[in-house]
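Participant: Sharing the record's features from Swiss-Prot:
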{"type": "BINDING", "residues": "GLY13, PRO14, THR15, ALA16, SER17, GLY18, LYS19, THR20", "note": "ATP binding site"}
{"type": "BINDING", "residues": "THR15, ALA16, SER17, GLY18, LYS19, THR20", "note": "substrate binding site"}
{"type": "REGION", "residues": "38-41", "note": "region 'Interaction with substrate tRNA'"}
{"type": "SITE", "residues": "THR104", "note": "site 'Interaction with substrate tRNA'"}
{"type": "REGION", "residues": "166-170", "note": "region 'Interaction with substrate tRNA'"}
Amino acid sequence: MNKNKPFIVVIVGPTASGKTELSIELAKRINGEIISGDSMQVYKHMNIGTAKVTPEEMDGIPHHLIDILNPDDTFSAYEFKRLAEDLITDITNRGKVPIIAGGTGLYIQSLIYNYELEDETVTSAQLSVVKQKLSALEHLDNQQLHDYLAQFDEASAKNIHPNNRQRVLRAIEYYFKTKKLLSNRKKVQQFTENYDTLLIGIEMSRKTLYSRINKRVDIMLDHGLFREVQQLVEQGYESCRSMQAIGYKELIPVINGQMIYEDAVNDLKQHSRQYAKRQMTWFKNKMSVHWLDKENMSLQMMLDEITTQIK
């Protein structure tokens, strides 16, 4: 361990890999507190679809960056990095170990490798205008929205598939907030890391992972995911960027009578599997991770391996 830098543990892995359980049990062992590195768990009222940790699962371990925003608020890597850095300082100063657990690769990467990210903070009045502008576009279908983006940011439009509505909206929102093009944004990676980082990843065979994902989707639906999405739509959040997340965007057409339930569930499972594949590609290609094989290691074995790495 480098005593000149704050020590942090980061646990990454694809959706449904078991990051929550591992991080909580590790926190018990090493006197840690957990910072969520998930871009969706910051939102209130979006619990089941984001697989948000429950108070019972927390088992007394403090968790941070969960339930801090409303679904119509925006959150970016910049906000995450700023908040996480403050939390790491606070947790470390109290003699505890910060544990960052999550699957949003850019968020984790920006923190570990000290990306310089642009501040998108706006006043409440400016944010209100941005929301009004975005609301005026909600009637557009995916292709029309993509065409709108191409009118002022052709480079971003070329790099984003029309069906990826969330990323298209993100590029448009960025322009509305900053008057700049997302395609021109510079993301500078520093080569001096801020932290002494132990980066742990959970992996397993694709067959096992996909089976876990399919099972978890079924459990989410049994626990009321459809009703959760209904309530968010009823509360007026349907057009928000947060509602383009996997688990929400697939069920909205069912609520609106545009798709049958069974097809939406199949889409949800497929999109979740595809997302998990993208997550693993990101972590394998862009980060130096110490991988733990969940299929051949029990929870206790993984905890022992991590604590050995810390010593």
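Glycine is no exception: its Cβ is also placed from the backbone N, Cα and C atoms.
Just so it is clear, the model here is predicted, and its values are computed rather than measured.
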Participant: Sort out the sequence-distant neighbours of GLY13 (ATP binding site) for me: same chain, 6+ apart, CB within less than 8 Å of its CB, listed by position.
Facilitator: LYS19, GLY103, GLY201, ILE202, GLU203, GLN279, PHE283
Participant: What's the CA to CA span in angstrom from PRO14 (ATP binding site) over to THR104 (site 'Interaction with substrate tRNA')?
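Facilitator: Distance between the two Cα atoms comes out at 9 Å.
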Participant: Taking DSSP three-state, what's LYS19 (ATP binding site) in: helix, strand or coil?
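Facilitator: DSSP assigns LYS19 (ATP binding site) to helix.
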Participant: Using DSSP, what is the helix/strand/coil residue split across the region 'Interaction with substrate tRNA' (38-41)?
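Facilitator: Its residues fall into 0 helix, 0 strand, 4 coil.
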Participant: Most Cβ neighbours within 10 Å: which of the binding-site residues PRO14, GLY18 is it?
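Facilitator: Checking each of PRO14, GLY18, the winner is PRO14.
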Participant: Going by DSSP, is THR104 (site 'Interaction with substrate tRNA') part of a helix, a strand, or coil?
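Facilitator: In three-state terms, THR104 (site 'Interaction with substrate tRNA') counts as coil.
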Participant: Summarise the region 'Interaction with substrate tRNA' (166-170) by DSSP state, stating how many residues are helix, strand and coil.
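Facilitator: Summed by class, the stretch gives 5 helix, 0 strand, 0 coil.
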Participant: Enumerate same-chain residues with a sequence separation of six or more from THR104 (site 'Interaction with substrate tRNA') and a Cβ-Cβ distance below 8 A; give 'none' if the list is empty.
Facilitator: GLY37, ASP38, SER39, PHE80
Participant: Neighbour count, 10 Å Cβ-Cβ cut-off, for ALA16 (ATP binding site): what number do you get?
Facilitator: 22
Participant: Using the recorded substrate site (THR15, ALA16, SER17, GLY18, LYS19, THR20) as reference, state which further residues of the same chain have their Cβ within 8 Å of the centre of those residues' Cβ atoms, listed in sequence order.
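Facilitator: These residues sit around the substrate site: GLY13, PRO14, GLU21, ALA51, GLY103, ILE202.
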Participant: Non-local Cβ contacts of SER17 (ATP binding site) (under 8 Å, 6 or more apart, same chain)?
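Facilitator: In sequence order, ILE202, GLU203, MET204, LEU209, ARG212, ALA276, LYS294 meet the Cβ cut-off.
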